[in-house]
Amino acid sequence: MSDLHNESIFITGGGSGLGLALVERFIEEGAQVATLELSAAKVASLRQRFGEHILAVEGNVTCYADYQRAVNQILTRSGKLDCFIGNAGIWDHNASLVNTPAETLETGFHELFNVNVLGYLLGAKACAPALIASEGSMIFTLSNAAWYPGGGGPLYTASKHAATGLIRQLAYELAPKVRVNGVGPCGMASDLRGPQALGQSETSIMQSLTPEKIAAILPLQFFPQPADFTGPYVMLASRRNNRALSGVMINADAGLAIRGIRHVAAGLDL
């Protein structure tokens, strides 16, 4: 039996991409899974697909009242909350400083930071009392843009660097009761969209990047699927497998940090 059996896990943005892969994985691990999802259609799809195994709540991660409503339903259903996974986010499709109009830059900043940073902060606030009571954990989705330039434009990159600071501060404030960590995946097959302020709300990441382009820059030379990144979340959520890690950011970058100067990877001819 998995050590996550009957653990209560709350994931934001569980309707598609990495969020959906996390929902699938934690249900497989025997956890009681809940998600806060903006799209009514995705909420309906989750309920139809997973039935009683999912508590799918329609709501916006930029609204504290929606978080409170979700947490109340989780506590009514499970009687506890063991792990909060802040995952919902948006990308800026590499919108650059020079090519983005000033007024768009300002409105895009507020929209993107509201989702990627404030959304995490509000989720942490709403979940903290229950997680302190259960001595549970928080996990936040980062990105390779939390370590490197070029994983997005200045808006997205700044938001993910801000999230690393949030993780460290919350890990400090909530210790010893709550472990707070992050996972930073690289590019993957997902439906990640952009800010409406930048005209990107209907544009997914795969319309800007191709599988071949993503695989070519990674030393491990493959095109990741969302399920490829769920393992670190499972490990960090596990009380047995993660007793000692807090304030840690796992850089799940398929080897980006070891790219060579002469070649992407030295073993391409092996």
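Positions of Cβ are set from backbone N, Cα and C atoms, glycine also.
Swiss-Prot annotations:
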{"type": "ACT_SITE", "residues": "Tyr156", "note": "active site, proton acceptor"}
{"type": "BINDING", "residues": "10-34", "note": "NAD(+) binding site"}
{"type": "BINDING", "residues": "Ser143", "note": "substrate binding site"}
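The sparsest Cβ neighbourhood within 10 Å, among the listed binding-site residues (Gly14, Gly30), is found at Gly30. Reported as a whole number, the C-alpha separation between the residue listed as 'active site, proton acceptor' and Gly30 (NAD(+) binding site) equals 34 Å. There are 31 other CB atoms within 10 A of the CB of Phe10 (NAD(+) binding site), with all protein chains counted. Long-range C-beta contacts of Phe26 (NAD(+) binding site), restricted to its own chain and to partners at least six residues apart, with a cutoff below 8 Å, comprise Leu4, Ile9, Ile11, Val33, Tyr233, Val234, Ala237. Residues near the residue listed as 'substrate binding site' in space but far in sequence (CB under 8 A, at least 6 apart, same chain), listed by position: Gly151, Gly152, Tyr156, Lys160, Gly184, Pro185, Cys186. Secondary structure from DSSP puts Phe10 (NAD(+) binding site) in a beta strand. When the binding-site residues Leu22, Ala34 are scored by other C-beta atoms within 10 Å, Leu22 scores highest.
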